[in-house]
Amino acid sequence: MSGADRIPAAGAAPDSASGRAAVASAYQRFEPRAYLRNNYAPPRGDLCNPNGVGPWKLRCLAQTFATGEVSGRTLIDIGSGPTVYQLLSACSHFEDITMTDFLEVNRQELGRWLREEPGAFNWSMYSQYACLIEGKGESWQEKERQLRARVKRVLPIDVHQPQPLGTGSPAPLPADTLVSAFCLEAVSPDLASFQRALDHITTLLRPGGHLLLIGALEESWYLAGEARLMVVPVSEEEVREALVRSGYEVRDLRTYIMPAHLQTGVDDVKGIFFAWAQKVGL
């Protein structure tokens, strides 16, 4: 089914200023710790099973960076949320990393981990697994030290604005690489808004630069504490089409089907996609 033919998910707002405002309002009830428990603690956060969703995401990222083609000086993580796992393999390839999120509570959660404050979420199992699959002999402590040292700033972002980081951003632009995990589909009222958000973040990337995009397939809602948040359902083909429309060559697109034992009632996700895309141009 093409984007033009897709019927909006039940409860989804129309693609309009009011629709985007409704999304922003719903996110004011977002609870970072509940989100982390739902998705990054067991069972979904169990990294002992190599067929689990966590190992799959980490392998996709590690294998892509291992090609040596995705490198440079600057990287921007779009819509980081309260998570850092998406940068564990990236941090050895980029010396200047910018993390971003729309919500202050998520930026605060990231700050606690970056400053090693008591009570910060423990990502050590993810760091250990990333070191294991990279096979460089690096300790997880060294991995985390490097990531903390290379994250230079945590900034507000609004992917629905033509200038997502605003004017006069301290982030070096354009970036050599963008990473984004579970952001665009989770904050877009419909596919048209998803496409525009992708267009907007693409302005932050240099021609020839790379985008690594992770997201939910065919998901319409998820829970984060008291918040029940609407998601625009996307298919693998719709992701591919959106990337091409935004001026990318799709280098790799993989999918993971969520097994029954990981369908825990915190969302209705059917699977996960990982896309590696390169912005056309020199």
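Just so you know, glycine gets a Cβ as well, placed from its N, Cα and C.
For Tyr85 (S-adenosyl-L-methionine binding site), the same-chain residues lying six or more positions away in sequence with a CB closer than 8 A to its CB are Tyr40, Gly54, Lys57, Leu58, Trp123, Tyr126, Ala130. Tyr85 (S-adenosyl-L-methionine binding site) falls within a helical segment according to DSSP. For Tyr35, Tyr40, Gly79, Ser80, Tyr85, Asp101, Asn106, Asp158, Val159, Ala181, the entry in Swiss-Prot reads S-adenosyl-L-methionine binding site.
Residues or ranges marked as octopamine binding site in Swiss-Prot: Glu219, Asp267. The secondary structure of Asp267 (octopamine binding site), as reduced to three states from DSSP, is extended strand.
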**Three-state secondary structure, which DSSP defines for Tyr35 (S-adenosyl-L-methionine binding site)** = helix
**Site extent for S-adenosyl-L-methionine (largest Cα pair distance over Tyr35, Tyr40, Gly79, Ser80, Tyr85, Asp101, Asn106, Asp158, Val159, Ala181, Å)** = 24
**Asked** Of all the binding-site residues given, Glu219, Asp267, which has the fewest Cβ neighbours within 10 Å once its own Cβ is left out?
**Response** Asp267
**Asked** For Gly79 (S-adenosyl-L-methionine binding site), what is the tally of other C-beta atoms lying within 10 angstroms of its C-beta?
**Response** 24
**Message:** Cα-Cα, whole number of Å: Val159 (S-adenosyl-L-methionine binding site) versus Glu219 (octopamine binding site)?
**Reply:** 20
**Asked** Under 8 Å Cβ-Cβ from Tyr35 (S-adenosyl-L-methionine binding site), six or more apart in the same chain: what's there?
**Response** Gly81, Pro82, Ala224, Gly225
